[in-house]
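Colleague: This is the structure I have questions about; it appears just below.
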Amino acid sequence: ECDVLERFKVKHQWQTVFSEAHRTEFSLHFWKEFLHDHPSLVELFTRVNGANIYSPEFQAHGIRVLAGLDSVIGVLDEIPTLTVQLAHLKAQHTERGTKPEYFDLFGKHLASHLGDELGTHFDYAAFRDCYDFIASGIKP
């Protein structure tokens with residue numbers, strides 16, 4: 001679904017937690033929790049030293065992943081641009097053999113992390129609707 005109001009809310013809430021000042025800490029906490037809960041996925045990040053989330057290689061990669069999501073969230077209300085961005089990310093993830101279920105795990109953890117950050121200001125339903133819309137456009 002991800003209607004106009006939900007898109008606005010998601011953009012605003014995402015900007016609150018993923019602003020320039022908070023991006024590194026947000027990324028570190030997110031990936032620490034995500035890989036702790038899914039240790040078998042660490043092997044997906046061997047190329048970027050995923051065994052050490054504090055390494056510069058992994059921190060840069062973690063921020064790149066979230067920055068990719070940031071770029072999509074930023075154009076949620078610009079459908080032609082959004083369509084191109086989703087197609088680009090889908091091609092990248094298809095080429096890398098990313099399994100569709102990884103997007104579901106990622107989204108679940110991201111929602112939990114956003115809820116921790118935003119507390120009672122988090123609109124979980126809006127996030128889920130828009131994340132599901134985004135993920136459906138990227139999943140291989």
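From the backbone N, Cα and C atoms, a Cβ is placed for every residue, glycine too.
Annotations for this protein, taken from Swiss-Prot, read as follows:
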{"type": "DOMAIN", "residues": "1-140", "note": "domain 'Globin'"}
{"type": "DISULFID", "residues": "Cys2-Cys130", "note": "disulfide bond"}
{"type": "BINDING", "residues": "His93", "note": "heme b binding site"}
Colleague: How many Å separate the Cα atoms of His93 (heme b binding site) and Cys2 (disulfide bond)?
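Modeller: Roughly 22 Å, rounded to the nearest whole number.
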Colleague: Neighbour count, 10 Å Cβ-Cβ cut-off, for His93 (heme b binding site): what number do you get?
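Modeller: Result for His93 (heme b binding site): 18 neighbouring Cβ atoms inside 10 Å.
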Colleague: Measure from the Cβ of Cys130 (disulfide bond) and count the other Cβ atoms within 10 Å, all protein chains considered.
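Modeller: Result for Cys130 (disulfide bond): 23 other Cβ atoms within 10 Å.
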Colleague: If I restrict to non-local contacts, at least six residues apart, and a C-beta distance under 8 angstroms, what lies near Cys2 (disulfide bond) in its own chain?
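Modeller: Same-chain residues close to Cys2 (disulfide bond) (Cβ under 8 Å, separated by 6 or more) are Val10, Leu76, Ala126, Asp129, Cys130, Asp132, Phe133, Ile134.
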Colleague: Compute the average pLDDT of the predicted model within the domain 'Globin' (1-140).
Modeller: 95
